Structures are given as C-alpha cells and as structure tokens.
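Here the structure comes first, spelled out in structure tokens, and everything after it is commentary.
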C-alpha cells in the first residue's frame with residue numbers, strides 16, 4: 001500500500017482544529033490544576049493534621065484511579081448524583097484540573113520540603129512572619145525547582161486529552177478517528193496524528209529546557 005500524502009493534506013484542517021482544541025483543554029486544565037495543586041501542596045507541606053489528611057486522601061484517590069475513569073465519572077455519574085448537566089468540554093477540562101491537581105500537589109509539597117530548613121529557620125530568627133518566609137525565602141527557590149516537573153506534567157496532560165475520545169470531545173485523536181472512519185486510510189491519518197502530537201510535545205520540551213537554562217534551576 002502506497003502512502004498517499006493527499007489524504008493527509010485533505011485531513012490537515014480538521015486535524016489542526018483538533019490539535020488546537022487539545023492544547024486549549026490541556027492549558028485550561030493545567031491552569032486550574034496549578035491552583036488546586038498549590039493549595040493541596042501547601043496543605044500537605046504546612047497544614048495541620050486535618051488539612052494534611054484531606055489533601056492526602058484527595059491525592060491518593062486521584063493518583064490511584066485512571067483519568068479515563070475520572071472523566072467518565074464526571075460526565076456520566078456526576079449528573080445522576082447531583083442532577084446537573086455536564087457537557088463534554090466541561091467534563092474534559094474538569095478531569096484535567098482534578099487529575100493534574102493531584103500530581104501538582106505532590107510536586108509543590110516535594111519542592112517546598114526540599115528547601116533547606118536552615119533557610120526557613122534563619123528567616124524566622126530574623127523576626128519574619130511565616131508567610132513572608134514562604135513568600136520571599138522558600139517560595140522563590142521552590143518555584144524554580146517546580147519548573148521541570150510542572151513542564152513534564154503539562155506534556156502528560158496534553159497526551160491524556162486523547163482519552164477524552166470516550167465522551168466525544170473533538171480533540172486530535174477524535175478527529176483522526178472520524179476522518180479514518182470516513183476514508184479508511186488508517187496509515188496516513190494515524191501517522192499525521194502521531195506527528196502532530198510529536199510536534200506539540202517537542203515544542204513543549206524545547207520551551208521547558210529553555211526556561212530551565214534561563215532560570216538556572218537550583
């Protein structure tokens with residue numbers, strides 16, 4: 001069977017539309033995930049036993065279940081439990097927020113606790129309140145150390161969007177499936193889909209390495 005480039009060219013507008021939606025879902029989900037993860041991470045690192053326990057349970061439940069199960073629960077089960085209607089896009093973004101938030105929580109906790117306790121104690125000894133120690137001493141160092149794992153999490157979340165095909169979100173993988181079902185050119189279509197994913201993750205990897213060098217990660 002000969003590879004037909006015209007099939008790829010004809011499918012490219014739809015595939016690029018799917019790729020754009022993939023990036024938007026991942027980006028929106030990661031922004032929300034950072035907010036959730038930051039709160040949960042601080043609860044794990046500096047919260048009392050109750051806050052620590054709440055964050056721990058959340059993290060373990062989410063990390064212990066596949067994201068495809070989480071999105072199907074949000075899309076199919078949650079409307080039955082709460083009597084609300086959830087559209088596919090909302091379910092997809094919510095799943096990324098909840099899933100990424102759990103992993104980011106551990107990134108935040110780990111980087112905060114990786115900063116030498118001596119620096120924290122020195123700040124407190126100078127009479128700084130705890131929030132200033134975290135904001136001006138611990139925070140900047142921890143933030144730089146978060147950059148590589150946060151970048152990796154974005155790449156993971158970007159690829160996880162392909163699983164939202166199960167609820168009909170029109171992201172890249174879904175577009176590829178629909179086009180392939182219409183023309184039966186599996187080799188060309190899935191090759192194009194794979195290349196687009198590689199381009200997106202490659203750009204992210206390059207940006208991550210550039211940021212690491214510019215910020216001189218400690």
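Cβ coordinates come from backbone N, Cα and C, glycine included.
What you see is a predicted model, and the numbers here were worked out from it, not measured in a lab.
Residues or ranges marked as domain 'ABC transmembrane type-1' by TrEMBL: 19-208.
For 21-43 (among others), the entry in TrEMBL reads transmembrane segment. Residues of the same chain lying 6 or more positions beyond the ends of the transmembrane segment (21-43) and with a Cβ under 8 Å from any Cβ of it are 51-52, 54-55, 58-59, 89, 92-93, 95-109, 112, 150, 153-154, 157-158, 160-162, 164, 169-172, 200.
Remote same-chain residues near the transmembrane segment (49-78) are listed as 40-41, 43, 84, 86, 88, 91-92, 94-96, 98-99, 101-103, 105-106, 160, 163-164, 166-167 (criterion: CB distance under 8 Å, separation of at least six residues from the stretch ends). The transmembrane segment annotation in TrEMBL covers 49-78 (among others).
Annotated transmembrane segment per TrEMBL: 90-112 (among others), in sequence order. If one looks beyond the transmembrane segment (90-112) by at least 6 residues along the same chain, the residues whose Cβ comes under 8 Å of a Cβ in the stretch are 25-26, 28-30, 32-46, 55, 58-59, 61-63, 67, 70-71, 74-75, 138, 142-143, 145-146, 149-150, 153, 156-157, 160-161, 164, 167, 169, 171.
Below 8 angstroms of C-beta separation, residues 46, 108, 111-112, 114-115, 218 of the same chain, each at least six residues beyond the ends of the transmembrane segment (124-143), sit close to that stretch. The transmembrane segment annotation in TrEMBL covers 124-143 (among others).
Annotation comment: TrEMBL describes 189-208 (among others) as transmembrane segment.
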Cβ contacts under 8 Å made by the transmembrane segment (189-208) with residues that lie 6+ beyond its boundaries: 3, 7-8, 11-12, 15-16, 19, 22-23, 147-148, 151-152, 154-155, 158-159, 162, 172-173, 175-176, 179-180, 183
